[in-house]
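The structure under discussion appears below in the form of structure tokens.
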Amino acid sequence: MAAGGAAGLREEQRYGLACGRLGQDNITVLHVKLTETAIRALETYQSHKNLIPFRPSIQFQGLQGLMKIPKNDPFNEVQNFNFYLSNVGRDNPQGSFDCIQQTLSSSGASQLNCLGFIQDKITVCATNDSYQMTRERMTQAEEESRNRSTKVIKPGGPYVGKRVQIRKAPQAISDTVPERKRSTPMNPANTIRKMHSGNSVSQRPYRDRVIHLLALKAYKKPELLARLQKDGVNQKDKNSLGAILQQVANLNPKDLSYTLKDYVFKELQRDWPGYSETDRQTLDLVLSRKLNPSQNASTSRSESPLCSSKDAASSPQKRPLDSDFIDPLMNKKARISHLTNRVPPTLNGYLNPTSEKSCAGLLPPPAAAAIPTLSPLPSTHLPVSNPPQTVNSNSNSPSTPEGLGTQDLPVDSFSQNGSIFEDQQEKYTSRTCLETLPPSSALLKCPKPMEEEHPVSHKKSKKKSKKHKEKDQIKKLDIETMEEKEEDLQREETAKLSNASPNPNEGVKEGCTASMEPSSALELPDYLIKYIAIVSYEQRQNYKDDFNAEYDEYRALHARMETVARRFIKLDAQRKRLSPGSKEYQNVHEEVLQEYQKIKQSSPNYHEEKYRCEYLHNKLAHIKRLIGEFDQQQAESWH
């Protein structure tokens with residue numbers, strides 16, 4: 001239809017394009033790629049459809065399907081064509097397509113109508129007929145090529161050519177000193193050295209060749225393989241490249257390049273035979289940057305576990321890679337530096353038992369410091385921040401695990417920045433729990449400030465939208481007035497914990513879910529054990545059913561958490577417009593306290609709901625990632 005429409009357009013003539021026709025909501029526009037056999041079957045059916053009682057049919061099964069076209073001869077048979085569904089944007093990310101239909105108006109004028117945006121593509125798979133036809137064409141082409149290149153000329157025939165006598169060049173006078181016969185001066189030592197160098201590199205272990213190339217610069221896998229093949233690679237080593245890269249290199253998800261892991265730099269040899277003098281100088285610079293700062297990093301880490309944003313931007317300890325890069329514009333943000341002097345050193349991310357008391361007193365920061373969000377299950381550490389986006393026929397539905405609606409399972413605003421309600425409440429509950437904890441209790445995980453946990457999220461901190469600025473205001477709410485009632489709230493929380501559990505340690509465990517992580521709680525979440533890689537369509541359907549079963553609950557919890565956060569955002573915006581110390585300013589403070597108490601009474605299970613919401617977020621994102629990986633594997637297997 002598209003080809004016919006294009007053929008009907010005339011040069012030097014204008015056409016009007018009508019978009020957004022009414023009544024077209026039930027039409028899905030697809031880009032169909034047919035084989036020659038399928039086209040011939042459709043054309044045959046079109047020419048004999050009045051004589052054939054059956055009609056063509058198409059059936060979708062996930063990302064695959066079956067197309068049935070009736071035959072004219074034999075009469076009652078059909079031709080089956082398998083096909084698979086893919087996303088047009090993934091195959092051609094630089095362009096997009098609209099489906100245009102050419103029609104004739106009542107006046108006879110030609111006009112164009114836009115039927116919709118093409119998002120999905122159907123590719124019909126080749127059949128045995130297609131393979132047989134290709135084989136016959138190849139045989140015919142070979143025969144024609146052979147006939148053109150070979151001609152038998154019989155003696156006395158019409159194709160006998162003229163004989164051409166070729167004069168021999170006169171022999172040159174022999175030189176009395178044959179050693180002088182050298183057209184250009186050559187140094188054979190260079191040639192021997194090059195040959196020896198190439199051969200010696202190809203004889204080295206494949207792993208050593210990989211790490212010595214990655215030590216100089218980052219390579220993408222195809223580039224690295226092409227570079228290795230210059231020196232010679234056998235098939236066995238070529239197949240083991242992926243396993244070696246997983247062992248010795250880190251993958252940069254932005255450009256899919258590989259960089260050498262830090263511990264492998266100790267294995268490098270400066271006199272590697274494949275290195276030129278320039279390569280050795282480059283290696284010296286890399287090694288001096290990698291090995292020497294590691295000592296400085298260890299000493300500075302023992303002195304101060306948290307570095308300010310200024311140090312993070314200028315310190316050479318950080319690897320100069322995209323994964324650890326911190327924007328220099330972060331220098332002006334002083335929120336981390338307030339916490340630097342107030343958090344005690346940690347050992348592997350945990351507080352020493354002797355440091356618990358000091359950390360307990362440090363949890364409520366002063367007004368100038370940022371309030372770290374204590375998240376029981378931080379969704380920002382999802383293994384799938386951007387799951388594979390595969391598309392099927394309902395690709396516009398965000399509530400399906402294979403849909404494109406990644407806005408439903410992103411890093412949520414309430415879990416990324418934290419709500420002020422949680423900050424205000426945990427300010428007291430965490431301190432109360434830590435102070436009542438005996439020295440011999442479980443290890444405590446010291447909460448890291450949000451700026452250190454997520455440095456990448458602040459790359460564009462100076463270009464924040466108004467919405468992001470409002471979210472940051474949550475963390476900057478002044479709590480001077482709250483400290484006046486600290487003792488009352490402390491006693492209230494202590495009494496609440498005592499009533500909730502007869503055992504003080506159990507009460508601490510229940511009330512401090514956000515700030516405590518016992519060593520026994522380091523087990524994997526249940527969904528990581530239950531939901532493993534998908535190997536069948538039945539397993540995929542079960543995962544999809546589980547996703548849909550809990551999706552509504554997740555959305556409801558998410559909406560409740562966001563509602564709580566927005567109340568305090570609004571109050572904080574009012575407070576910022578007032579001058580400190582004024583009566584209106586104090587009134588807003590009182591309103592914040594009242595709202596805090598109101599939320600606390602109306603939502604006594606706030607922490608449990610937030611934990612459940614973040615648990616569902618991680619679980620659904622995990623399921624969505626598995627389904628996306630399975631769909632991507634199936635689509636690649638059809639290509």
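Note that Cβ sites are derived from N, Cα and C of the backbone, with glycine treated the same way.
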Tell me which residue from Ser375, Ser501 Swiss-Prot records as phosphoserine. Ser501
Could you check which of 75-110, 291-326 is flagged in Swiss-Prot as region 'Disordered'? 291-326
Local confidence of the prediction over the domain 'OCEL' (525-635), expressed as mean pLDDT: 88
Secondary structure split (DSSP) over the domain 'OCEL' (525-635) reads 95 helix, 0 strand, 16 coil
Nonlocal residues around Ser579 (phosphoserine), in sequence order (Cβ under 8 Å, 6 or more apart): Tyr585
